Every structure is written in C-alpha cells, then in structure tokens.
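Please read the structure below before turning to the comments.
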Amino acid sequence: MKISCEIIGKVDSGDVSKISMENNNGVVISTLTTGATLQEFLVPMETGALKNIVLGFSDFEDYYKNNLCACQSIGRVAGRIGKASYTHNMVLYSLPKNEGDNCLHGGPKGMQVQNWNYVTNLNDDYVETKFIRRLYSSVDGFPGDVTVSISYRLNNNNRLTILFEAFDVTESTVFNPTNHVYFNLSDKQDLSSHELQIYSDYRLELDSELIPTGQKINVDETNYDFRKTTDLLPRIEANNGFDDAFVVGGGTCDHVKEVAILHDKESGDGIEIFSNRNGLVIFTMDDIEDNIYFARDKGKMAKRREAIAMEAQTLPDAVNHKGFGDIILDKGHSVNYEIGFQYFNSSR
C-alpha cells in the first residue's frame, strides 16, 4: 500500500491538498482537503485501466459552482432540519436557513465548505487519511464549538471506511454527518445497467418541502421496495426520481450493519454499503444544472440521473421526531459514526 500528497491550490485558509491512497490490488482513493471530499474511487478494469465509480471534479473550485455537494463531507447535520430549529432541554435553538425556511446539510457554512487539516497513516492493515477541524458556532451558526475528525481508511480487501468523530464540544449541539457520495459503477452516463438492494421495510413520509412528517410508510408493493435486488432505472422512471430516506439496520444505531448493495450488471462492479446508523437517503439527480462537467465524463456535460447518491446517516430531522434517533451531542461527550463501502466485482 502507498500514499501520496500534493498541493493543488490555495484558499483563504491555506493550501488545498489532494491525498491519494492505493492498496495492493490497485484500488485508489483520492481525497481533497476542501470539504474533506472523496474525489476519486478508482477501481481497475480488465484492460488494466482505472475507472472512477464516484462523481468528482478535476478542479477543486468546481465543487462550489453547483449545489450537488458531490462526495463531500456533510455536517454538522446531513439532510434537512425543519424550520431550521429544534428544542432541547426546553431551549429553542435556531439554525441558519439555506433552503427556504429550513436548514439543509449544515447550512451555508457547513463542513463541505471548510478546508481541513490532515495527517496520514500507513500500516500493515490499512492506509489512512485523517482530516480534522475545529468547527465554531460563530462560523456555521450551530450551537457550541466542536472538534471533528473524518478518517478515510482503505484496506487490502478493497474496503473504504469513513469514520466520523466529534469531541471537545463546548455546549450541547447536534451532530449527524455523512458523505454525499454519488455512485455510477458503469462507464456510461446513466444507471441503465444498475441494480439496487436496500435492506429496508420502511421509508419516511415527506411533506412538500421534503421534511419528514414523523410517519414511517411500509414499502411493500410500492416503487420504494428494494428488499430484493431490483433494476434501478425503471424504478427511477416510474417514481419520477428519488430523494427519499429509508429506515435501515432495524431502525437502530448500535453496530455496523450492511444496509444496501449497488451493482452494475455489465461490468460486474458493485458496492456493499455498511453503516452503524438507521437511515439511508438516496437521491437520483433529477434536477441538475447546466455546465457541470465531472472528471469521469471526459469532457461531456453531466446528465440528469447520471448517478445515485447514497447517504448513510441517522434519519433526517431526527432532532425533531421521537424515535428517529438521537443526534444530540452534549458537553463532555463524544460520538463516533462509521460508513463502509466494500468494493467487489461479481464477474472475476
């Protein structure tokens, strides 16, 4: 295994670096300090060439020219917080609004717009890039200052693990991060050869602003039933796209479990998704701006429904709904979350 680092630009807070990790099987994970971003998940093809199975940009500045949050670290709280507020211990907390009256993905100064410090680690078991940053209430508008670390670990079993830790918090706050990863496992600009399985019996009911109502709906005999491996594109078309949250892991947040499998039937490439939380949000890029060019598309403009975002997290708006999971982080406490992406190829 090996690791390399290079400075690729500058922002007001300092240098922007790209860190690339490679295992003994030729799988390469590249990350950026801006947004603690997963830029590349490169897997070897039979030809020997590498294929990027996630959406990313060649220029780090392009991540901030659209609202996709492509493969960036999202927080303090992923997803929407209804009315940009919550109550804890009889105290009403107001958060920054950046989508109507709601707070989306940590607000306008969330983790994805920060430039992170990092350290690297190479040992017999894995290669690791660990990002760390102090988040200040005066900057992001969330209560309390807190230190956050985000570790990307790649092992020789072709598993990428993302570890989130929050600690040294000055007052009670909320923490529910994710990586807004977008997958396309093929070499095409669509999902026509993809199939999906989600271990979920229920999805969340959403209102017109995509805020959970508090109700969980059984997926049985609906377009949301992915309990068996299902061709993805026909479901996307029948449902007019997805921007939905599924209840996974038995609705608990106690240990790491497999929650979904995405597979490309043509190449055989697949990803098993693991999480120690109770929610999986899928988003199929149904509305996309013009003039977006992902590196993997080699000069072609991005297309609607080109990829699927699969965001493992505690259920959205959990702080406002009993039974959705506890995302409160009190002073003197710390919390750890884990997301795993196990790459495989079914034809080799």
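Glycine too: its Cβ is placed from the backbone N, Cα and C atoms.
Cβ-based neighbour count (10 Å, all protein chains) for HIS180 (active site, proton donor) stands at 24. Look at Swiss-Prot and you will find HIS180 tagged as active site, proton donor, backed by sequence analysis.
Taken from Swiss-Prot, the feature active site, proton acceptor covers GLU311, and the record attributes it to similarity to another entry. Over all protein chains present, the Cβ of GLU311 (active site, proton acceptor) has 25 other Cβ atoms lying within 10 Å.
What Swiss-Prot records for ARG80, ASP243 is substrate binding site. Counted within 10 Å of its Cβ, the other Cβ atoms near ASP243 (substrate binding site) come to 14, all protein chains included. DSSP gives ASP243 (substrate binding site) a strand state.
Counted within 10 Å of its Cβ, the other Cβ atoms near ARG80 (substrate binding site) come to 21, all protein chains included. Ranking the recorded positions ARG80, ASP243, GLU311 by the distance of their Cα atoms from the Cα of HIS180 (active site, proton donor) places GLU311 first.
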